[in-house]
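The block underneath contains the structure these notes are about, expressed in structure tokens.
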Amino acid sequence: MRTLTVYHLGHIDYTAAWEMQRRLARQRSSGQIGDTLLLLEHPPTITLGNKARPEHIVATPAELAARGVVVVQSDRGGEVTYHAPGQLVAYPIFKLSQHGSDVGRYVRGLEESVIRVLAGYGITGERVNGLTGVWVRGGAAKICAIGVKLSASGVTTHGLALNVDPDLSGFELIVPCGISDRGVTSLAVELGKAPPMAEVADRLIASLCAIFDLRPVNALS
């Protein structure tokens, strides 16, 4: 069984994590490293995917500045999303040819990993036809956003953002994923209290490894 090297990065700026992803993706492409996973939390950040439209940021620049929110144009797929402390972000750096070579199947695997984590807490996670991510309450509220990129050499970057206990008011600054008629929720809201972030991270690692047939090892640094 192949290994998955896991980096627990704590709180890290979006651009710093993005640069780390690019560096690791080059190393994965050349075979210097195996499949790798970054787990982290971002400070308040709005990111724009390759399908995002400016009008999906509804806050003014002054409002964003007052809340300390930065805006980053990303190279991931998808539209606009919001990151904040209390949100578990996972960036898999995978060689896709070892996992079926199908981006759609890979994204479904990411969704399934979150659905299994939610099930462990007694929450029913669901997919919504035509949309990406994981939803609850019959698709009424999104609990996990997904946006990925596949390089020319077939290596994945970016990934998923699972709302554990972020300040959900930050999502009022945007139209999340360009979808205006559905809400946003978190594990804390659904459970009535927030589970420990480290516990959720461990369960996500186990779920990803089960789905993609990997064995986790912690990075030395």
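Here the Cβ of each residue, glycine as well, is placed from N, Cα and C on the backbone.
Feature annotations, reproduced from Swiss-Prot:
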{"type": "ACT_SITE", "residues": "CYS177", "note": "active site, acyl-thioester intermediate"}
{"type": "BINDING", "residues": "ARG76, GLY77, GLY78, GLU79, VAL80, THR81, TYR82, HIS83, ALA145, ILE146, GLY147, GLY159, LEU160, ALA161", "note": "substrate binding site"}
{"type": "DOMAIN", "residues": "31-216", "note": "domain 'BPL/LPL catalytic'"}
{"type": "SITE", "residues": "LYS142", "note": "site 'Lowers pKa of active site Cys'"}
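The Cβ of LEU160 (substrate binding site) lies under 8 Å from the Cβ of VAL89, ALA90, LEU110, SER113, VAL114, CYS144, ALA145, ILE146, each of which sits 6+ residues away along the same chain.
Residues ARG76, GLY77, GLY78, GLU79, VAL80, THR81, TYR82, HIS83, ALA145, ILE146, GLY147, GLY159, LEU160, ALA161 are recorded as binding substrate; their most distant pair of Cα atoms lies 16 Å apart.
Each residue contributes its Cα atom, and for GLY78 (substrate binding site) and LYS142 (site 'Lowers pKa of active site Cys') these two points are 15 Å apart.
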